[in-house]
Amino acid sequence: MSTVTKTITVLPGDHVGTEICNEAIKVLEAIEQATPYQKIHFEFKHHLIGGAAIDSTGVPLPDDSLAAAKSSDAVLLGAVGGPKWGTGAVRPEQGLLKIRKELNLYANLRPCNFASDALLELSPLKSEIVKGTNFTVVRELVGGIYFGERQEQEESADGESAWDTEKYSVAEVTRITRMAAFMALQHNPPLPIWSLDKANVLASSRLWRKTVDKVMKEEFPQLTIQHQLIDSAAMILVQSPTKLNGIVITSNMFGDIISDEASVIPGSLGLLPSASLASLPDTNSAFGLYEPCHGSAPDLPENKVNPIATILSVAMMLRLSLDSLKEAEALEEAVRQVLDSGVRTADLRGTNSTKEVGEAVVAAVTKILKDAA
């Protein structure tokens, strides 16, 4: 069996970014050593992004970071930003927007579920309401109002107004609909799809709904699609989140808001992974960028951040970009075992450190893979 080499560009970013990336790398190295399913080698290339890049180079995304990302199989990102860099002309978050655009990462995937039923009690909602919640938000990431034409207040003739534009094309909506459909078809039976929009008010949402319907009818007639207005969906998410189980597809801004709302259901942002893909994972080798849903947590002392979201992002990477499904399943099971055993950071009412949780996952995934040999 020949060794397959997979190149991963690591962009730790700012504050806790370095710590969580370190734990994720340890997990990948453990999988490389222990997996009986293939001979695989992970090659890591470390580069700057965000505030760390601004401090070192003056820009939030240096050219060498972008070039490294483009030439790798996948990108692992820590977190960017912090009060140190403020809201001036050059901001850490610009690096994130630029890399998404430059790598054409058009689909953001954010699962909302419980890594372990032992965590149900941590949800701010009642256990009986959230038990069984399991959906993935598929958010369009490079179109819509965040990338539309705009005018700042200072640029207006009277200095009294500002505007942004929400624009979507049929091609953009078709592409994200296919991604959602593909994610639904990865399951047996296929998952239902919910499309969220504001078609009762917005022209862009009417195009969105019409295009989603056309693509689903012509290309995926075996799948079920239901439309929900975004404000109604926001209510359902709190009242009865399991109603949205399946795949939830929506635009850039609506997806930004609804996925953040969904992120509080499992009780901690420290649990939630995300993937941003540039192509369909139809051969389990889509190019993607993987990062936790939480931010850089500048106020958190060292060795306190929860590494689980980043480790579960690695599980998504193994499944969608690195063609390592068995290893992804083993890693998710390892996380479940560690959380069930009570090894947890403070955000999950635990007493363990970042490194202790990371080491526990390394030990668990190593055992699972070796037992499978």
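Cβ coordinates are placed from backbone N, Cα and C, and glycine is handled just like the others.
Look at Swiss-Prot and you will find 82-93, 295-306 tagged as NAD(+) binding site. DSSP classifies Pro301 (NAD(+) binding site) as coil under the three-state reduction.
Listed in sequence order, the residues of the same chain lying 6 or more apart from Arg100 (substrate binding site) and placing their CB within less than 8 Å of its CB are Leu141, Val142, Ser276, Leu289. Per Swiss-Prot, the feature substrate binding site maps to Arg100, Arg110, Arg139, Asp231; the stated evidence is similarity to another entry.
Residues or ranges marked as site 'Important for catalysis' in Swiss-Prot: Tyr146 (among others). Around the Cβ of Tyr146 (site 'Important for catalysis'), a 10 Å sphere holds 18 further Cβ atoms from the protein chains shown.
The site 'Important for catalysis' annotation in Swiss-Prot covers Lys198 (among others), and the record cites similarity to another entry as its basis. Taken residue by residue with DSSP, Lys198 (site 'Important for catalysis') is part of neither helix nor strand, so it is coil. Long-range neighbours of Lys198 (site 'Important for catalysis') (same chain, six or more residues apart, CB within less than 8 Å of its CB): Ser205, Leu229, Ile230, Asp231, Phe254.
If you look up Swiss-Prot, you'll see Asp231, Asp260 marked as Mg(2+) binding site. Look at Asp231 (substrate binding site): DSSP puts it in a helix. A 10 Å cutoff on Cβ-Cβ distances gives Asp231 (substrate binding site) a total of 12 other Cβ atoms nearby, all chains included.
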Number of other Cβ atoms within 10 Å of the Cβ of Trp85 (NAD(+) binding site) across all protein chains: 19
Among Arg91, Arg110, Lys304, the one of these binding-site residues whose Cβ has the fewest neighbouring Cβ atoms within 10 Å: Lys304
Integer Cα-Cα distance in angstrom, Pro301 (NAD(+) binding site) to Arg139 (substrate binding site): 32
Binding-site residues compared (Gly82, Gly88, Gly295, Pro298, Pro301) - highest count of Cβ atoms within 10 Å: Gly82
Nearest-integer angstrom distance between the alpha carbons (Cα) of Arg91 (NAD(+) binding site) and Arg139 (substrate binding site): 23
